[in-house]
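**Q** Quick one: the structure is below, questions incoming.
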Amino acid sequence: MNLKEFSKVVDLVRESNPLVHNITNVVVTNFTANGLLALGASPVMAYAKEEVAEMASIAGALVLNMGTLRPEEVEAMLLAGKSANANNVPVLFDPVGAGATSYRTEVARHIPAEIDLAIIRGNAAEIANVINEKWEIKGVDAGTGNGDVVSIARQAADELNTVAVITGKEDVVTDGERTIVIRNGHPILTKVTGTGCLLTSVIGAFVAVEKDYVKAAVAALTFYGVASELAAAKTVEKGPGSFQIEFLNQLANTTSGDIEKYGKIEELE
């Protein structure tokens, strides 16, 4: 595959400075906002039910993340999502911890039933639980399962009529027909809380400027993975604190040329 067509999306994000409306969790709010700013997007965190519909209507993308789940936030997510749908604003959903508790799983299945999603992004366990496939989960982490990640992703894309993104050691992007695997990234990402949540919001910035959502997601994942590799090369021996700071630097400094040089993607049959 031609990495150049994906790398161009990074430049487009930085030229366009898209507004990304995040209804995310309290653990990752600051990291998400700083990561989007470093990339070149414009983050807004608006949660009040009195304003979410209006804010979502003017955004380039809406990101719904249920990490620290409360009923009032679910209400706000539904209001924002329906407004985004009505105004042709792409909606991304991160079903954090789906399968961990019955309430969390119920919400993770209810939101896609009520809102048309451009992207759903999670680990294998989360996505499997959204579509009621058996996969063990540990807290909000992936746990273990016997399923085929590519098959789970394709099934989710088909059942939810969306682009499914499953992230892990390898990342899978599919709309049910096109399936692409991305092999960039670094294990130290798992030692910094919020890197998955930020990733969903970064995909949101890419989706805001590229309407081919498979292409946007692959571009975002490749960019994010390469940035993490470049950051780790400078800091991994120091530890996750140093990595987190350098990762923000690399979100600002990683170029389209870096993606073309270091990107590792494969389209599956």
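Just so it is clear, glycine is given a Cβ too, placed from its N, Cα and C backbone atoms.
According to Swiss-Prot, the substrate binding site annotation covers MET45, GLY194. Per Swiss-Prot, ATP binding site is recorded for ARG121, THR167.
Give me the structural setting of these features: burial, nearby parts and distances.
**A** Within 10 Å of the C-beta of MET45 (substrate binding site) there are 15 other C-beta atoms, taking all protein chains into account.
Around THR167 (ATP binding site), the same-chain residues at least 6 positions away in sequence with a Cβ under 8 Å from its Cβ are ARG121, GLY122, ASN123, GLY196, LEU199, LEU221. In three-state terms derived from DSSP, THR167 (ATP binding site) belongs to neither a helical nor a strand segment and is classed as coil.
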**Q** Among ARG121, GLY194, the binding-site residues in question, whose Cβ has the most other Cβ atoms within 10 Å in this structure?
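**A** The largest 10 Å Cβ neighbour count belongs to ARG121.
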**Q** Per DSSP, to which secondary structure element type does MET45 (substrate binding site) belong, with helix, strand and coil as the options?
**A** strand
